[in-house]
Amino acid sequence: MSTNRRRVPALMLGATASLALAFGSVGTAQAAEGQILGAGTADAIPGSYIVAMKGETSKDAGVRAAVGTQASSLAGKYGGKLGLVYSTAFRGFAVNMSEAQAKRLAADPAVEYVEQNATVRVEETWGLDRVDQRDLPLSNSYTAPNDGAGATAYIVDTGVDMRHTDFGGRVTSGRDFIDNDNDASDCQGHGTHVAGSVGSKTWGVAKNVKLVAVRVLNCQGTGSWDQVIGGIDWVTQNAPEAAVGNMSLGGAKSTSVNSAVQRSLDAGVSWAVAAGNEGQDACNVSPASTPGALTVAASDAQDKRSIWTGTQSSNYGTCVDLFGPGSNITSTLNGGGSGAKGGTSMATPHVAGALALAITADPSGSVSALNDKVVSTTTPNKITDIKGSPNKLLYVNDLGGGGGNTDPTASFTSNCSTAEPSCGFDASGSTDPNGTISSYAWEFGDGQTGDGVTPSHTYATAGKYTVKLTVTDNEGKTNSTTREVTAGQGSTGQPPSASFRVNCQWAACQFDGNGSTDPDRDIDSYSWEFGDGQTGSGVTTSHSYPNRQATYTAKLTVKDRSGNSNSATKQIQCWSFGTQSFCFSQ
């Protein structure tokens with residue numbers, strides 16, 4: 001939570017903007033009616049509820065469809081307007097309806113409970129310097145056991161400025177639950193600062209971790225529990241095995257939120273969550289009170305529990321797992337550059353970065369094993385004014401060095417003339433996850449060789465040649481790749497054959513044309529028509545369909561360098577469930 005405090009009824013980020021969400025006592029149940037958890041508090045959203053349905057969660061598309069159908073039926077049965085639907089980390093949905101309707105819904109035998117929705121808001125620096133050494137004074141340097149390569153960190157926040165140069169292109173957009181689209185860009189700044197502490201080049205704990213932005217808070221740093229649960233559910237559905245989530249946000253204790261986090265943990269996603277900034281017991285807030293998550297309190301540069309103002313200080317207590325640097329932390333700013341913020345929001349990403357380091361060292365480690373590694377290697381008995389919290393300060397240098405230097409990956413494209421037997425080559429797509437590529441060696445397939453990132457070569461005669469690229473990194477590791485090129489155009493060649501696969505997550509569909517083939521191996525372009533008037537290009541692409549019930553015909557057209565083309569089509573069926581649609585390929 002950051003230091004900009006706004007007293008609006010909203011879900012709070014974990015920075016110094018205080019987590020003011022306070023769910024009240026359970027509403028009084030009437031005879032044939034169910035209870036509403038968290039009803040009647042100042043931060044409750046009138047007429048908005050989160051419904052937990054009985055049954056199991058799953059990543060399976062069939063389960064998602066069944067949950068959507070059941071949610072639509074229940075919302076309609078009791079006169080509500082269906083909102084977000086959850087099936088992976090939480091089985092249920094958000095709905096708008098009257099209190100009386102919600103109480104009747106809560107008594108339905110298919111419903112586990114109904115909870116009042118509420119708003120929530122945002123809760124090489126000295127911090128990096130502190131977590132790589134046991135004692136003060138600071139050494140003015142940071143050395144990590146590895147760089148987080150191979151791990152993925154999900155930033156569930158206000159979004160991330162993916163164009164910030166300090167991320168080096170390692171941030172991708174996941175999902176935006178504020179605008180209900182796939183552009184999780186930051187318009188507030190909190191999420192960008194948090195992401196920088198996790199994995200930016202200059203200010204990050206894990207300097208080569210992959211970052212994914214999941215936007216659940218708006219441009220004012222506020223959101224609601226139903227949007228946060230949507231983010232947790234999406235992360236759980238999409239996360240690879242080696243993944244950590246960061247939530248620098250929170251509010252008063254929520255059964256639904258804690259349940260979603262716990263099921264995400266059970267599914268294999270590690271979570272670092274902010275303890276909060278109200279100077280109270282962290283067991284009173286969510287998601288900080290989730291037992292399996294790593295709950296992070298904040299400390300300052302003098303190893304004291306952080307106090308920012310007379311009313312804002314780091315939360316504490318037995319639900320805290322460890323402390324991390326959280327006062328005057330420098331990190332990436334929205335729009336470029338850097339700046340300092342304070343709060344448990346800033347402490348939490350230090351721990352998320354540490355979990356990424358632990359994942360790199362042990363990619364197959366379980367959530368509990370990774371948590372134990374981070375907590376067991378902390379520095380003990382350094383923090384003062386702990387107020388019943390475990391006296392453990394994050395320390396990263398015993399988290400392990402991972403698998404050592406990772407091989408680079410060679411990759412190149414070619415651009416060959418049809419008028420004469422010459423080709424240009426571009427190897428700028430080659431990568432090295434934990435170092436730099438120091439040399440590019442080419443074999444052009446006619447006995448000639450070359451070097452450099454973008455060489456060109458003229459062949460003696462027109463024809464097909466197998467070109468090989470070998471890249472070597474700064475520690476001597478190598479990797480090679482080959483591809484066939486056609487220099488000059490002796491004939492029109494044989495036509496290609498288009499083929500593609502579709503995988504949809506709700507309305508967001510991924511299209512993969514890698515199954516397309518060409519006898520001459522010279523497919524030059526991939527053109528997509530999604531059936532709703534929108535188009536795309538590239539071997540793989542993505543598209544989100546409108547929120548309505550419809551059947552679309554998706555079409556891929558591939559063209560080779562001779563101008564020959566071929567097309568393939570698939571039917572995409574979409575069903576509308578409240579504010580979302582569920583699509584699948586027929």
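Cβ coordinates come from backbone N, Cα and C, glycine included.
Note that TrEMBL annotation is computational and uncurated.
Features as listed in TrEMBL:
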SIGNAL    1-31  signal peptide
ACT_SITE  Asp157  active site, charge relay system
ACT_SITE  His190  active site, charge relay system
ACT_SITE  Ser345  active site, charge relay system
DOMAIN    418-492  domain 'PKD'
REGION    474-497  region 'Disordered'
DOMAIN    511-572  domain 'PKD'
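The structure, with features from TrEMBL marked on it.
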residue: Asp157; record: active site, charge relay system; DSSP class: strand
residue: His190; record: active site, charge relay system; DSSP class: helix
residue: Ser345; record: active site, charge relay system; DSSP class: helix
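For His190 (active site, charge relay system) paired with Asp157 (active site, charge relay system), the C-alpha to C-alpha distance reads 7 Å.
A straight line from the CA of Ser345 (active site, charge relay system) to the CA of Asp157 (active site, charge relay system) spans 10 Å. The DSSP breakdown of the domain 'PKD' (511-572) into helical (H, G, I), extended (E, B) and coil residues amounts to 0 helix, 37 strand, 25 coil. The number of other Cβ atoms within 10 Å of the Cβ belonging to Asp157 (active site, charge relay system), over all protein chains shown, comes to 34. For the domain 'PKD' (418-492), the number of residues in each DSSP class (helix H, G, I; strand E, B; coil) is 0 helix, 40 strand, 35 coil. Over the domain 'PKD' (511-572) the predicted model carries a mean pLDDT of 90.
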